[in-house]
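Step one of this worksheet: look at the structure below.
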Amino acid sequence: MSSRGLALAHPAKNVVVYRNGDPFFHGRKFVVNQRQFLTFEAFLNEVTKSIHAPLAVRNLYTPKHGHRIAELADLQDGCQYVAAGFEKFKRLDYLNHGRKELRGTGNSNHVQTCTVAPWKPNTAVRQQKPTHLTIHVFRNGDLLSPPFQLMISKSTLWQWDTLLAILTEKADLCSGAVNRLCKLDGTLVSSREELVNGSYYVAVGTEEYKKLPYLELLVPQDSVCRTCWHGLQANHKLLSQEKGMTTILKMKSIE
């Protein structure tokens, strides 16, 4: 390459991206160059996959003042940014682990803050309660496709419709959009508070729920999750038996 070609080449930029509204995500490092990302949209698509964003990333903001980044050229080497979908930028102290909401900023200019974030995870943060809820989802009536895993951030205040939209994208049902989420016995789940970490559910469209042996046919017997599921069932059965025995003994004592 000629010296003129070297002069025209843009140097690679190292940036860190956080998830909008997630106070415990440590950030993901990206190396941005023209050979890897021809467009800003291509970079946003890569960010979506790498940070496991619940919805497609469509905007980047500066972490302190929330100024929107419009193109690749606006990215600065060594700086941090916050990835968001179409929702509003959420003010948090993204550059410090275990961060709290920012009360406000005294600086009103548009200069980016490029404080270097620590790369090693904070030990104190790792000892805190899990920040994500993980569920496993089958497709209604489909005994050929294994369940997919979905991680739900506990810090994000989602509407139930948002979760159904995410399930629609991941499940890709033949019947179309996911309208309902059911337990394996067909019981309807209508809020995130009803979801149990590590449990199995069925994504249902406009059709009726089809009660099939999803777990038995699509989850390996040595699966840790399946073992936990059967363990819960066994415990429930044991408690029911003990309760029945107690009732019988009481009846005999009355006689």
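One is the number of the first residue shown, and numbering goes on along the chain from there.
Heads up, the Cβ atoms here are built off N, Cα and C, so glycines get one too.
In TrEMBL this protein carries:
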DOMAIN    13-95  domain 'Doublecortin'
DOMAIN    133-215  domain 'Doublecortin'
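Taking the domain 'Doublecortin' (133-215) as a whole, pLDDT averages 89 in the prediction. DSSP assignment over the domain 'Doublecortin' (133-215) gives 17 helix, 26 strand, 40 coil. Helix, strand and coil content of the domain 'Doublecortin' (13-95), in residues and according to DSSP, is 14 helix, 23 strand, 46 coil.
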